[in-house]
Ligand code: GDP
Ligand code: PGA
Ligand code: MN
Ligand code: MN
């Protein structure tokens, strides 16, 4: 039996509420050792992981890890929001009674960490001093060292973040389980990822993959956070956040926005190319996956990134698409690569779209750890890296991270955008100035699911505000809460829907995307300023071709531009019927949202 009190004393963990919680779960999981960690432990823990073979070296100060091959993405169907109030049941939150789920998880976790170390990770999902600090603290307990290393990169970790917060912390328990015997994806699936939202308790069993196991990031930073935001007057969204400064006027615009997982948030926030547009603009990175938004005492809408790092999709990340990402994972950054291909002789990593595929197969292993050179012919074309393979690096490694990224005050928000992978219909950008119509647009975000959701790649589905996998309360309440929070802001943000993924008949992307995505965003800010007027359509204001900065775009892009600036009325009218069915699922949806829907439908009929 571990001497919990002694370990916590030595670690300087003085918060009595946290101490009780740790002692309780040490008893349940039966861990053999307890260790309280902080960011300062990183080098030692990395060395231990290297010695244990859990991490492999991938160059100077770079590391490689593999997760179990049936454990490479978030498992949405196994993810549950539980509360003690049945009226919290929504359409997408997989609601279950807390009284049913808690004993089930306790049962699964009982004795499950026998012989292992239970790491105690006190964390803060906010810069210290944030007005939302009381909602941002948590303590993750995990039996997995790699989870600790990832959490140190993704969150602010150390006892100093939680000692003074009393019982204002999220209890986040992670037990990996016996990954080879969990029946992943079968009727006998034993994995459960449960957020008991009204008890601020997260219980995740059966995975070591980041999206299921880094509880500060997704379960707290999104699911629990949005429930807390609902009860306490702020918004928590799967949003990137960036700032654009116009050097000529000195004005700065901050834009946040939601695209479903693996649909371009990280790339958009990191890698816009101001230099390509004549050095007039400067673009800064704030966050790539989560934003918490609130209205300040001055009546302005503020936003902040609660994270401390980037958990980015590796596929197609290269010098051309995202040089900033490449710079943030160079030797010495401490970056961790997960489920990419690895060369056991040279210690290089590779993924599809990084560079030309290596022709010398010597030493190369695919993401499962199998030798590429030994592949049977049927398997010759299988990807080397998993499509949801990732890199993890801290914000401080991102070359264009904003100077004030740690400012607890957050930044004023001027624009909110929604987008996703939509192969037709959605134009490059359409701006929306009405708040209810903007919220309606977010609620009807429809896009193709990606490899970040296990087993669902390519499926077309509605994904309200890109929060479908993280929804914690009913969608009608969610819509009302949005109207209330944004409605309270004195200066309203402009909304827009963007689409970098429209395709031609031959399947090619019609817009070059990536660094070029700055162009439509600049147009949006000019529209907000009244410098351009755009073209009014039933679904919003789209740019007149000549209003977009097109300097330096290649001929193909210029030729395709008319198609992606077009509103296909028939397709939109068909879409309106699907939207009606989608919204009909949400009992008690605010009348303003229905009114916005009818207005768009009527305008389409008249056009
Ligand atoms: P996130 O998961 O939403 O942060 O998305 P990422 O930015 O990581 O991108 C996910 C995938 O989409 C990666 O493989 C990117 O290379 C790809 N991607 C991102 N932005 C664009 C774009 O503008 N155009 C195209 N064609 N692909 C993109
Ligand atoms: P992503 O983040 O949105 O950048 O893919 C991880 C996730 O949502 O699972
Ligand atoms: Mn995400
Ligand atoms: Mn991302």
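All residue numbers here begin at 1 and follow the chain in the order shown.
Quick reminder: no glycine exception, Cβ is built from N, Cα and C everywhere.
Predicted automatically and left uncurated, TrEMBL annotations should be read as such.
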Matching residue for the substrate site, where TrEMBL names 74, 209, 210, 211, 388, 389, 390 - out of 113, 168, 261, 263:
261
Of 375, 421, 545, residue recorded by TrEMBL at the GTP site of 262, 263, 264, 265, 266, 267, 390, 514, 515, 516, 517:
421
I need the CA-to-CA distance for residue 263 (active site) versus residue 516 (GTP binding site), whole Å please.
15
Cα-to-Cα gap, residue 74 (substrate binding site) vs residue 266 (GTP binding site), nearest whole Å:
17
What whole-number Å value do you get for the CA-CA distance of residue 390 (substrate binding site) and residue 264 (GTP binding site)?
14
Closest of 262, 266, 514, 516 to residue 388 (substrate binding site), Cα positions, binding-site residues only:
262
Write out, in the order they occur in the sequence, the residues of the chain not among 74, 209, 210, 211, 261, 388, 389, 390 that have a C-beta within 8 Å of the mean position of the C-beta atoms of the recorded substrate site.
72, 73, 311, 338, 452
Span of the GTP site, taken as the largest CA to CA distance across 262, 263, 264, 265, 266, 267, 390, 421, 514, 515, 516, 517 (Å, rounded to a whole number):
23
Cβ under 6 Å from ligand 2: qualifying binding-site residues of 74, 210, 211, 390:
74, 211
Set of same-chain residues at least 6 away whose C-beta sits under 8 angstroms from residue 264 (GTP binding site):
419, 500, 501, 513, 517
If I take the alpha carbons of residue 209 (substrate binding site) and residue 516 (GTP binding site), what is the distance between them in whole Å?
32
